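One structure follows; several queries about it will come next.
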């Protein structure tokens, strides 16, 4: 170390100091590959041995760049240099200045360290710039390897591993070995292990050649040799000597380790493990050794482990066969005997190890799960005299539950295990009788027999599996209904911490003993017991005479508890506790707890699961309630003092009265013992809404106009619910207001002016409050309404040539005030234009004035008058209403002489006489024309001719029943005359419409008359000339040919006709015609002659037929039988 120190000084003197002295060196040294502000010495990585001094020189060779452009840069020197190791600054006492630009870091005994050392310069802004850096390692010489060990896996590879001791300096280890041998060449497996250990000193190396690790160990802490490695794994040598050489910059260390190769072998697990034979008490297994280790020189040891599914986890039974040899097939066999569980699954494992290895070198186990053979169950279920329950299903029948204790699982001895009722004996009226009866269903704990009679029954119970029944059975006797003992009363169970249960019931002195049953079940009643049933008997003399309180200590689980009362000859059967009291309570938690609010009350209902017998009821409970502060934020704090009401255990309901509507109350029940804890979480109930206690307050009219009133009021002090709306009543009207502000303003509009209103308000939730105080408000004066009727205007001549005009009018329906005056507007007109307009003012509703314009010559004078009402408000503004409709009056000037008046009168009389004569003439003409039209002879085509006789009076009645008066006439037409079918069809359609009502007939008649008598005859003549037959009867209008006929172009010749007789029907003088009687015909139908000349025969004409209308109408059809006055 001294030589190194002197070397550092020489370098400092001959290299560094001249460089420092020179202001401009020829070539500046660098900090490795980096361009920094200086250098450190020694450069690069620095290795320092622990407890040796550390020295690092740092020289500033360049000045940092200026921080500010316009400021003179500072000159930095050695006082600005400092060292940092892993971001931690070295204290000043370890840094020494050497000259103006160089400092030295010196630490006498640096700790073990490995990290980056930095030299930096601190700038004037307190930042820093790097000068140079080094990687610093403070370590030790090479150390020995720890935990060196080797393991050979199945004698196929050798894996040696070790642990390095920590060292900050890079250290390498070289691993190599040589093979050794004993003086005795062959290994004797019968020699004890301790003798082998005594002969280790006799081991000698085989040659001097060493074999290294196949791979580098620079970054690994293990070596592996196998058949493919270089060098390979050498199997036949028992002993290995390893040489370990460790090296670093501080020195070298050697370490020698020897191992017993064969003792380091860990075999693979056995193969082909299987079952070759079994009984209910034994299992014979076989296995083979892996091929790679079958010829292992040191030999192998075998270990067999097994456990059943009923053994605790990890409770293995171990067998170490001392002498076990392979069979002729090379496999090993072993019979495991003495197994206590039949028909049970066993987990069997086999392991191997070298005979020289310790117990930590066992192989992985080969595993198999196998069953022992099954046998019949080892025992029947256990029972006791009171292990039954009776539930009445009707008066004559009962359901019987038979309970038993399950046998241990390890005694089931096989698959398909179950319990069966092997025998049922009924003790009826004829004595004991074996009956064939199966249970309704059977579980692992009980069997149910439904609808059993009231006799005594004996039940035999056995255990069963796939191999058969148990050798013995258990018996339970259920007494007859009349001999069954009463059930225990006031039976309650209480649970305490630590698995302690207290059982309470009233003791009956006639009972000999009581049996307490406990069922390990996951759920309490009313769920049926499904777990293991246990019981304990208690003699009556061992418990108090009146009330029994027995403590049971059971594992901390949930249990169902039952109790039975027994004597020497009978039992009550089991009674299950329906509830559980916790921590010594005298009553259970509330089974049902409910509240039902009203508007000013709350009904509270509750029930308890169970209550201890009366003598233990020294404690009661209370009902607590109070209104809470904020139900929306779940603030359950009482805003008023809490009310407490004592309650009796016998009560199950209570009504809390005197509550406020629409208020949330907290209600709960509290015990009155020392704990005083609630029996259930509080229930929150909100009373129902009610009408507000008081009406709206301070109703006032804040603003009044001539058409509106603005009202203001405040909410009622107590709303008692959610305010929905207000009702404002004013006179016979009302308005709904939904404003829910504390102070409400509302304006009534469209009111009458100068009108008195009575106004009141009420507030509503689900119901409405009383009405507020009524206020009386009168609207201000407004514009009057219109005078609806026209004014009455009368012109009267005076005794001289002057006229007087009197105007009268009604008061407006909506005066809007006191009506101060009326405006009267009078317009003078000559009938075509307004000649003069005058405005009058009047305080009454009539006006009389002279009509000075009437005497003036120049034609008639028209006076048009309109009226409007006018109010004057308090500000003296005139409020005029609309003008009324015009009223009119006129006057004619007086003629200058009487001759003119006589002339005008004469002309008027003559004109009136001429008009009367013209009217009489026209009426006479029309009447004559109508009479002529009634006598027109109409000819029909041959196909439409009626038969000359009718066969029945019914047909005549049918024809006479038509409303419109008709005459039936039969007309013969020559064969050469073509029929106009289309005209006939059109005529039928019109006559069908005429037959709908008598009124229609009269209206049509009137239309025909109004057409003029002068044209009717011409129309008929043209119709006859054209060869078209027009019927005069609605009855005959239904006669249509079934096929179209064409009339000829030649004039029709007259045939012999029969004149129709017409008679008036009815006594009331109606203008209807009835057909005269006619000869009867066949069935009332018209006989149609065969079509011999190209015509198609028709069906009976009385049946309506749909015909094509393809002909042109020659002329309008005319009703020949119309009645004219």
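Backbone N, Cα and C atoms are what each Cβ position is placed from, and that goes for glycine too.
TrEMBL labels come from automatic prediction, so no person has curated them.
According to TrEMBL, the protein carries these features:
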SIGNAL    1-22  signal peptide
DOMAIN    269-375  domain 'Fibronectin type-III'
DOMAIN    695-782  domain 'Fibronectin type-III'
DOMAIN    791-894  domain 'Fibronectin type-III'
TRANSMEM  898-923  transmembrane segment
REGION    987-1125  region 'Disordered'
COMPBIAS  1018-1034  compositional bias 'Polar residues'
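Surface or core, plus neighbours and distances: that's what I need for these features.
Taking the domain 'Fibronectin type-III' (269-375) as a whole, pLDDT averages 93 in the prediction.
The DSSP breakdown of the domain 'Fibronectin type-III' (695-782), given as helix, strand and coil counts, is 0 helix, 45 strand, 43 coil.
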Go ahead and report the DSSP secondary structure tallies for the domain 'Fibronectin type-III' (269-375): helix first, then strand, then coil.
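Here the numbers are 6 helix, 47 strand, 54 coil.
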Do you know the DSSP helix, strand and coil residue counts for the domain 'Fibronectin type-III' (791-894)?
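Helix/strand/coil tally for the domain 'Fibronectin type-III' (791-894): 0 helix, 56 strand, 48 coil.
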